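**Q** Among the features that Swiss-Prot reports, region 'Disordered' is placed at 1-24. According to Swiss-Prot, the feature mRNA binding site maps to 46-51, LYS78, 96-97, 147-152, 191-194. Annotation source Swiss-Prot lists disulfide bond at CYS101-CYS140, citing similarity to another entry.
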Amino acid sequence: MATEAPPPVDTTEVPPFTAAETAVKQPHKLERKWTFWFDNQSKPKQGAAWGSSLKKAYTFDTVEEFWSLYDQIFKPSKLTVNADFHLFKAGIEPKWEDPECANGGKWTVTSSRKANLETMWLETLMALVGEQFDDSEDICGVVASVRRSQDKLSLWTKTATNEAAQMGIGRKWKEIIDTEKISYSFHDDSKRERSAKSRYTV
């Protein structure tokens, strides 16, 4: 006796995957890779060379990785006094000696309020990984420094003598972090003098 074939499955009731559901499964790639670094100078070892406390932490290239790392670790509020967080393009070390930084300089803003540093740091990170700067190829990275007297945020660039590029970056950064004034110093000047004079101001 022949068995009856099972009835066909009605697929009209199965909801299709939405674009949003599909997107969740696919990480959102950034335009380039970035690396977080950590530096703690609060307990320097005797005779240690400058920069020896600088440690590479994580390299990432997706939006999801960025937010996970930021939320769990890389907030200035988690830093002790005399410690720094860095976010630099992958392949560039946050040192004057790095070939990409050797002829550069930095825009700097100071803050006496921890909350301000936290906000400016996050706004800067999002602008960097989101490629919001017109002269983004001239940017190396950003450093958040927690100090006893006041905190500091520094945006490092490659070609200090390219005034047009630096002023464009400076104006955009000032707008992003919503501050009154920022100044730019050359790394070469900083090597010679502890408090290097400002070359550009916006």
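Backbone N, Cα and C define each Cβ position, glycine as well.
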**Q** Which of the binding-site residues LYS78, GLN150, LYS191 has its Cα closest in space to the Cα of CYS101 (disulfide bond)?
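**A** Result for CYS101 (disulfide bond): the nearest of the binding-site residues is LYS191.
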**Q** Under 8 Å between C-beta atoms and at least six apart in sequence, can you list the same-chain neighbours of CYS140 (disulfide bond), or say none if there are none?
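**A** Long-range Cβ contacts: PHE88, LYS89, ILE92, PRO94, ASP98, GLU100, CYS101, GLY104, TRP156, THR157, LYS158.
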**Q** According to DSSP, collapsed to three classes, what secondary structure does CYS140 (disulfide bond) have?
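**A** It is in a strand.
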**Q** Check the recorded positions LYS78, CYS101, GLN150, LYS191 for other C-beta atoms within 10 angstroms of each C-beta and report the one with the most.
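**A** Max Cβ neighbours within 10 Å, all protein chains included: CYS101.
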**Q** DSSP on ARG147 (mRNA binding site), three-state: which is it?
**A** coil
**Q** Could you tally the C-beta atoms, other than its own, that fall within 10 angstroms of the C-beta of ARG147 (mRNA binding site)?
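**A** Excluding its own Cβ, the number within 10 Å is 14.
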